[in-house]
Amino acid sequence: FPGSHAMDLVKPATLPTCFEATSIFLEAESFKEQGNAYYAKKDYNEAYNYYTKAIDACPNNASYYGNRAATLMMLGKFREALGDAQQSVRLDDTFVRGHVREGKCHLSLGNAMAASRCFQRVLELDRTNPQAQQELKNASAVLEYERIAEIDFEKRDFRKVVFCMDRALEFAPACHRFKILKAECLALLGRYPEAQSVASDILRMDSTNADALYVRGLCLYYEDCIEKAVQFFIQALRMAPDHEKACLACRNAKALKAKKEDGNKAFKEGNYKLAYELYTEALGIDPNNIKTNAKLYCNRGTVNSKLRKLEDAIDDCTKAIKLDDTYIKAYLRRAQCYMDTEQYEDAVRDYEKVYQTEKTKEHKQFLKNAQVELKKSKRKDYYKILGVNKNASEDEIKKAYRKRALMHHPDRHSGASAEIQKEEEKKFKEVGEAFTILSDPKKKARYDSGQDLEEDGMNMADFDANNIFKAFFGGPGGFSFEGK
């Protein structure tokens, strides 16, 4: 009978008999039950192994994939879990727990729109499902945090972006995109260790993640480690040649490094005008690079001090300190400019800040010198009173006294108003004081060093300028204003 031979030819030799199929199913169920036992004990790796055996034995069972998806979720492997959850609902589109798990995987990975669709499908199958109702609200919250973060990033309100991403990551803990945005904003806020930590965690899981490589480079760039930063940017661009942020950052880093080095070279060569121009150009490259810009402002301040533009130098150092309030070099440069412009109180304040931060002998001496100058500045300036500089000779001091004493002598102003007489008498006395101190080498030395003159037993309140005048001009009859 030909038909029987034909049937023999086409009969699938591998199709199991009913008995065999039942046996395979029972074996798969046994694997599943063992997996459930390990899952209950929170031994998720063993649970995963047994669910896999169940799937291998019976690959068309939706619940096995669903169970393995749940296990992978507990192991934090949401991307792998998503694949299993999706397979479970492909096998059975009415599998509610499969849709829930797919939605939770999507949400954990940061795909809130896809998650919402899954939870909506659950509610189509089970209108009162409380888990789906709550997860749908969570997905909506994530979408809202994303929307706000995008707006705030454009506004450069990086603190608010970090806040939004922290809230979103509570629902989407495996979302690299949210973590990268948070890390980038932390870097832009100057919180480099936190940013580095987030990026490093991602790179441990995915060493080729271009976004994480970019953030690592960004942190180094903002910490003024520009050469190392460029290496990370180049690596990011190898992984993703069209990575716009890495491309821009790499270009800025190279330009900033070159311009700063050119400025340093011009300064060393004494070409201060060119150095000023180069540092100014460098400052325009990237306003976000706080640490490098602080150094550039300080460098430009140094140039201004060399050009004797001291107020401009102070302004540049102040800008550097505003960017980096731990920048000791900027405080020292500004303090010296304050000293040069006789703003001693400001100089003392800066040197105090420096000495509190770095208690070195040199810084202590700087502070002491400023304090002496401040103390001296609050006394009468005898050099100014006589109209001489601090290096005036003995003869110059005598000539100055003669001129000023005659100018302010009370007899010269006897016909003036009482107010003018009082003012000229005061100036006459000050001229005498100045001459008494500056004409005596020991007293002059004490005065110049900022020491108290009262320690020499001098009481200026009892000082008699007329006696000095008479002694200088030869006593009574030595000089008269009559007929003048």
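Numbers run from 1 along the shown chain.
Note that Cβ sites are derived from N, Cα and C of the backbone, with glycine treated the same way.
Annotations in TrEMBL come from automatic prediction, not curation.
In TrEMBL this protein carries:
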| type | residues | note |
| --- | --- | --- |
| DOMAIN | 381-451 | domain 'J' |
| REPEAT | 28-61 | repeat 'TPR' |
| REPEAT | 210-243 | repeat 'TPR' |
| REPEAT | 256-289 | repeat 'TPR' |
| REPEAT | 294-327 | repeat 'TPR' |
| REPEAT | 328-361 | repeat 'TPR' |
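According to DSSP, the secondary structure content of the repeat 'TPR' (256-289) in residues is 25 helix, 0 strand, 9 coil. Beyond its flanks by at least six residues, the repeat 'TPR' (28-61) meets 67-68, 70-72, 74-75, 91 of its own chain at Cβ-Cβ distances under 8 Å. Break the repeat 'TPR' (28-61) down by DSSP state and the numbers are 27 helix, 0 strand, 7 coil.
Under DSSP, the residues of the repeat 'TPR' (210-243) split into helix, strand and coil as follows: 27 helix, 0 strand, 7 coil. Shown for the repeat 'TPR' (328-361): DSSP residue counts in helix, strand and coil, namely 28 helix, 0 strand, 6 coil.
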